[in-house]
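A.B. asks: Let me give you the structure first, and then I'll get to my questions.
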Amino acid sequence: MKAPVRVAVTGAAGQIGYSLLFRIASGDMLGKDQPVILQLLEITPALEALKGVVMELEDCAFPLVSGITTSDKAEEAFKDADIALLVGARPRGPGMERKDLLEANAAIFSAQGKALNDAASRDVKVLVVGNPANTNSLIAQRNAPDLDPRNFTAMTRLDHNRAVAQLANKTGAHNTEIKNMIIWGNHSATQYPDISKTKVKGEAAPGLVERDWYENDFIPTVQQRGAAIIKARGASSAASAASSAIDHIRDWVLGTPEGEWTSMAVPSDGSYGIEKGIIYSYPCVCRNGDYEIVQDLEIDEFSREKMQATEKELVEERDAVEHLLP
């Protein structure tokens, strides 16, 4: 049996956490031969609820679970963590402006960045799911100077999967027959779902759909899918977010299929003229536990404009919290 991997999850008693933990425990994220130790973090008032989640995890008697710890202290939950899923975040309350939300989360993610810096494995892979995910990831990264900045990522795999599903519905293809979708930019309504390089059953996607549908239906549907789910369900997307977090980590650790890429929000290295340092979603290939941004894709005028609009939002978000960053 392999040595267990330590997986830290914040906000572990929340809706996404509840959908996530049982999938991790059953081997969906790291493989059916990889034991895990779950290190669960919650705020103090939620520890009792977390106890109930742990009871359920125990009652499943998962063969791959080597241990479970719970804590309301980030340093304890992140101790020697190999993977950290930062799910817990301050939700947007009534009357809160985006700036208020950014500042409220800056405090949380600064503290978590410091705790990761002090306690986690030096190779820890960090995925931020809690919104605003891209900038929360940047805040954590800037507070963890001793860790590799490239190991701080944010989730746009949910947007990627949403885009694949929309294109599958439109073309009548199965989602497995759709390759090389791209989400550029922020996990927000400015993101740019790009089908210009996408293949459906080996055929170029742009030739299979009307341009009008692409620009005026597909793009806004993907951008606003989260809001549509809240409207329909009365609660935000939790199971689909958890599933996409599992996809993101699985591909990062175990690799993307040969000849295919996925979408990951990663620290920009200036690729495609995007400002360095912001956490921006790019097409990425993963192998040997590392990722690379796909280079040399041709960018037309329409795409360039959309890519810059979402970049602008990320720069504004960074600037709004810059005074709180080390």
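Every residue gets a Cβ built from N, Cα and C, even glycine.
Values in this document were obtained by computation on a predicted structure and should not be read as measured data.
What Swiss-Prot shows for this protein is this:
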ACT_SITE  H187  active site, proton acceptor
BINDING   G11, A12, A13, G14, Q15, I16, G17, N105, Q112, V129, G130, N131  NAD(+) binding site
BINDING   R92, R98, N131, R162  substrate binding site
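So that I understand the layout, could you describe where these features sit and how close they are to other parts?
C.D. replies: DSSP assigns H187 (active site, proton acceptor) to coil in the three-state reduction, placing it in neither a helix nor a strand.
Under DSSP, G17 (NAD(+) binding site) is assigned to a helix (H, G or I) in the three-state scheme.
Secondary structure from DSSP puts R92 (substrate binding site) in coil.
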A.B. asks: Starting from the Cα of H187 (active site, proton acceptor), work out which of the binding-site residues (G11, Q15, R92, Q112, N131, R162) are within 10 Å.
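C.D. replies: Of G11, Q15, R92, Q112, N131, R162, within range: N131.
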A.B. asks: Long-range neighbours only, meaning 6 or more apart in sequence with Cβ under 8 Å: which ones does A13 (NAD(+) binding site) have?
C.D. replies: L40, E42, A46, L47, A49, L50, G52, V53
A.B. asks: These are the binding-site residues: Q15, Q112, N131. Which one scores highest on other Cβ atoms within 10 Å?
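C.D. replies: Counting Cβ neighbours within 10 Å, the top one is Q112.
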A.B. asks: Under a three-state reading of DSSP, tell me whether G11 (NAD(+) binding site) is helix, strand or coil.
C.D. replies: coil
A.B. asks: Given Q15 (NAD(+) binding site) and N131 (substrate binding site), what distance in Å do their CA atoms have, once rounded to a whole number?
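C.D. replies: N131 (substrate binding site) has its Cα 14 Å from the Cα of Q15 (NAD(+) binding site).
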